[in-house]
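First the structure, in the form of structure tokens, and then the observations on it.
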Amino acid sequence: MSQVLFHQLVPLQVKCKDCEERRVSIRMSIELQSVSNPVHRKDLVIRLTDDTDPFFLYNLVISEEDFQSLKFQQGLLVDFLAFPQKFIDLLQQCTQEHAKEIPRFLLQLVSPAAILDNSPAFLNVVETNPFKHLTHLSLKLLPGNDVEIKKFLAGCLKCSKEEKLSLMQSLDDATKQLDFTRKTLAEKKQELDKLRNEWASHTAALTNKHSQELTNEKEKALQAQVQYQQQHEQQKKDLEILHQQNIHQLQNRLSELEAANKDLTERKYKGDSTIRELKAKLSGVEEELQRTKQEVLSLRRENSTLDVECHEKEKHVNQLQTKVAVLEQEIKDKDQLVLRTKEAFDTIQEQKVVLEENGEKNQVQLGKLEATIKSLSAELLKANEIIKKLQGDLKTLMGKLKLKNTVTIQQEKLLAEKEEKLQKEQKELQDVGQSLRIKEQEVCKLQEQLEATVKKLEESKQLLKNNEKLITWLNKELNENQLVRKQDVLGPSTTPPAHSSSNTIRSGISPNLNVVDGRLTYPTCGIGYPVSSAFAFQNTFPHSISAKNTSHPGSGTKVQFNLQFTKPNASLGDVQSGATISMPCSTDKENGENVGLESKYLKKREDSIPLRGLSQNLFSNSDHQRDGTLGALHTSSKPTALPSASSAYFPGQLPNS
């Protein structure tokens, strides 16, 4: 039984007699063999072979007795069991140091003969240093005889055959896997082609879509740019006018100050004689001057904070301006819809005009606020300039006082006037701060007004949508009435007795039905509207509808509409239950003809445009609710002539048969 401890290539330095040293890589194997015949013992086998030369073979078998003699000869400090590991450590150090220019450990194979043939050789492990080469271990290796070489070659051949078999098996597996991968590759190529085609079509669609969106966005950006340029030019003109006014005021102020300066110089020359007497007062004046300087510094700080606040307010006003511009754009978009119904619904136009006026008023107020804020900032700048000028005047006066050391009574009065001016400027600054606070409150109020206008716009949008739905429903009812009238005129009419007709009509109302003023409730918009005669009589009296009077066959069907508004939470059941409505007959002579829409308004026009944006307060009871009844309805004697179509607004409700 053998245990392989080490088996790898090691760098080796070969030395032969009368030959140059050469470096080769030799495969070294270290095995620990256990022999139990006749006595159990362990032997250490060291073997050197060359992969390029199969006949190169050196062996060394070290038993425990041999190791003891070796230990005694070379002064080793390890036991037989620890010797293999220490020897392997030395070999690893030799391989690690081999790549260096000056290796610390060397592995040498020294032969006393000229050629490594059948002569023994010594394997030395040498440590090099600048002083001496120390040999840590020297082992004598014997060359292998023919039997050992044949045995070694047979083992190598056996290993190579086993390796060949394993490689053949791995080759077969690799070929199978290659075939499978080729098949999968072909399938994946097909899938890839499909995906490429789909991706190409998808990318083409996306490019077209994005190009269209890009053109739309470019147009919007150009419109916004033109609008912003106009606003910028207007603001620029206003600022130029304001700056010119400021320059004119400053020039006037400069002329006044120059005149005052001349007057002061004259007074200074007059008061040179009395300056020496006021040296005692000078110290007090200097202390007061320091105090005024501190006050001026505090005023500067407050002024800087006010500038920052003004800048923030300007930003906020700009944001409000952008919001107002967006609202104006939305109002313009809504104008296009309202223009379609301008002829029929004047009240909606008035509401829209009111909203536009409110928006314009808000914009004008914002412009005024911006102008006031700019004027306040200009006033603050003026105050800063005045303070700087006052400081310069004070410095010049102090220099003149130090040079002349005299101050006149008139100069004391001048200082008092300057202090009064400073106090006035402080008061002006306080007033400016209060006005800024007031303007902030006004801006907040304007913002609340803007929010209220936005809410009103949203409510008007919802109202327009509801009115559109109501108008479409009314158009549908008018078309149905026209169809019923045509069918009544074309079909053969029967004239039952008037008593039975009136009884039939009057008996069509059930006392338990949910009828509110003869109007159905529209479930989506919450607006009550009258039921057309065709709808009510088709659902309630499908077989008993007849004309009351046959003396007016050409008068046509007249429908009365009385638009009123109910609660928006009316259910569909109320609509279904309230479909039958009483139609009392008027016996008054003055109201002999039924009041309502004439037959010419019930004709369907091909060029008609559906009305949109019906307001809730469009029709009032005083203008559009009239006393009248339904005219003579000419119905066919055959009930099958009436088409039974489902309602567009009530999909689940079919006409009763």
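Just so you know, glycine gets a Cβ as well, placed from its N, Cα and C.
Swiss-Prot lists region 'Disordered' at one of the ranges 271-313, 615-657, namely 615-657. Looking at Ser119, Ser510, Swiss-Prot tags one of them with phosphoserine, and that residue is Ser510. The average pLDDT computed for the coiled coil (166-471) is 86.
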